[in-house]
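For reference, the structure discussed in these notes is given below.
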Amino acid sequence: MAITTTLSNKHFLVLDDQPEMRSSLRAQIGSLGCTNVVVCANVKGAIEQFEKRRFDVVLCDYYLGGGTDGQQFLEYLRSRELISRGTIFIMITAEKSYESVVTAAECLPDDYLLKPFTADTLHSRVERQLEKKARLAKINTLQDKRKWAEVVTACDEIIASRDRYQVDAMRIRGNALIAAGRFDEAIAFYQQVLAARALPWAKFGLAHALHAKGELAASKATLGELIVESPRFLSAYDLLGRAHLESGQADEAMKVLDQATQVAPNSLTRHRAIAKVAEEQADFSRVEAALSQVVKKTRNTPLRNTGDIARLGNAFTELGTPDKAIALIEEAKTNFKGDQQDPHLAAIEALAHSKAGRPELAAKALARVAENANVPMSPEVTVQLAKAYLANGQIDAGEAILKRVVQTSPDSKEVHALVTKAMSAHGSPERAQALIAGSIGEVVALNNEAVRRGKAGELGAAAQMLTEAAERLPENVQIVANAAFALLLDVFSNGLDQQKFAKALAFQQQLQALDERHPKLADIAALTTTIRNKFNILEQPAEST
Amino acid sequence: MSFLDIAALSLHDIKNRLAAMASRAESRGDSDTLRDALAAAADLTRLLALYKADAGILHTEIDACCPLDLLGELQRENQPLTRLQIVVDGARAPQLWFYDPYLVRMLVLDAVQNALRFARQRITLSAVENGDCLEFRVSDDGAGFPEEILRGQTHTSRVGPEGAGVGLYLAQRVAALHQNHGVAGSVALSNEPGAVFCLRLPR
């Protein structure tokens, strides 16, 4: 009945910390006629394999020893895009209901296999998943390319065919609608699914769409129900925590995240989320408790993250034990070469030395950052760095960094709060307000001036102003969007300038990377097409992969 | 550490050993040992589920499933372990149904393993859409269930003769967790004249 030959050319990867299970799995796969099997004993070895080549099927044991598990491994692979949607990931567990958790579809394995199982069972499962991947191949490729509108259309075809993959297609369709920013359609779609059957993923999808649309109260209510019905649906806790935070209820957020940690005590994502909320609440003992666990669990594994060490170091300093921070950072720098150049770690090291009364050592750590100034940093890290300069008495350097942070995201209340907090500790809140207002004023004035010149017909001058600003503030979405549009207008009205046109397209890509749902993208795309038609420019080949 | 944590950890170890045992048996073609190892592991899974059901922490994760996949897989897994004939009748099976695939597999597997002990020649697995319910049926050509089990099935008493009631009790609990639009799942045992296990799941 089964087509046994379909498996023989597939590439398998086995990850299990137990030697006996590894050889048993190898033998079972061999009995299916497959010879392309790579067997790994630990996450490190498996990740090296993934960096080298792609696999068709991954069989991963849930328990991997050394504080790591298969779920963490899968989340790591997905977050680094080391695994495509075309690869089958099967989690092997002793007890599914106890070990497995439900997360966003992105981080779910394709299937669970309960130990012990026979080679025949393995065969059935792999074949079934291969059939499914074949049916969903087009959709998966489109998803990997983030072409959401096309994903929706491709899902509609499968749903209309009413074959056995129709529910899989529904699940993907909902996600794609949200990713495409079509929230109202997503809400209506999920409600329609839920009317037939109270499926947990549909309920989560509904909450997700409501949240994306800004309907926090409705989203929270739906998530509350879902957590009662499906207590292992971890993504529900994550989203509920976020919704609480966004409505200013940090205590509620913390409660929800604590609940999630009880459901999944090994989840690094959850401990990190708790640390993040605690940090915002300046509850540094909780930051220490949460991140100490993460750092301990990931020490000497590829799941290790320098940001965890920096944030734990910061918590030590805030708790009045800067020497613990120094010791932690020294250990990191000794064991990992990359950490010696890390600006976040250097900033935390400088803050710790400042706190311990060693300004010369703080200055030395900061000098290291200046050497590596080109590393992209999140607003949190950048503000931390500015704080370190301020604490070290280098006021101009610190304030220049803060000014750039504000000008990059002039409308972000979170960034304003971060800057105010940093300057309240080292400087004054009044000075923070002045800096924020002044920095925003500069950007607004620049934008207004560009618009004025554009209206006065000086399109070239307007485009040049905005180009310079976008190069100085490459992450300010408004400036980058306006620069792209102004350059295109200039080209459209004053004739084709290849350099300007190329620059506009570069800004367009930059904007897409910053915010793929930016409202101005549609205008930019339309004007680009008009220009191509007007000047007979052929479209560049689409990006590969 | 709670009892559940300790139990789950021990279970993990025991199942690993059973898996190793099963793997050795499979590679040397020893289907008796393989069958026992699989049955012992299935017993442990049910034991933990039973504990969780009693503690009120057994939850379903409802998904869209293909009933014939489950029956095909159980046939393929168990046929090499027995001289009995295992047949799948999928003529009236729906393409998709909504249930927890792991819990339902646990129950149907239990019924298959029971049937393997009592059938004379043949076990039939079927999935039938019947009104608002899907019926998973496992029937054999043995002597049928003893009278006291058929009589006792409404009492949902936990301990029956030779522990036979434990599996039934768990099956009833799990079936009842499957609900949709006010209809709950159920389990029925009957003799026609061989034993018939029937798990009904709402649409």
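Backbone N, Cα and C atoms are what each Cβ position is placed from, and that goes for glycine too.
All annotation found in TrEMBL is predicted automatically rather than curated by experts.
Per TrEMBL, domain 'Response regulatory' is recorded for A:11-130. Taken from TrEMBL, the feature 4-aspartylphosphate covers A:Asp61. Summarising the annotation, TrEMBL assigns repeat 'TPR' to A:234-267.
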Residues that sit under 8 angstroms from A:Asp61 (4-aspartylphosphate) by C-beta distance, when 6+ apart in the chain:
A:Leu15, A:Asp16, A:Asp17, A:Gln18, A:Met21, A:Gly70, A:Met91, A:Ile92, A:Thr93
Long-range environment of the repeat 'TPR' (A:234-267) - Cβ separation under 8 angstroms, sequence gap at least 6:
67, 69, 71-72, 101-104, 204, 207-208, 211, 216, 219-220, 223-224, 226-227, 273-274, 277-278, 280-281, 286, 297
Secondary structure at the residue listed as '4-aspartylphosphate', reduced by DSSP to three states:
strand
So how many of the residues in the domain 'Response regulatory' (A:11-130) end up helix, strand or coil by DSSP?
52 helix, 26 strand, 42 coil
How do the residues of the repeat 'TPR' (A:234-267) split into helix, strand and coil according to DSSP?
27 helix, 0 strand, 7 coil
Model confidence over the repeat 'TPR' (A:234-267) (mean pLDDT, whole number):
89
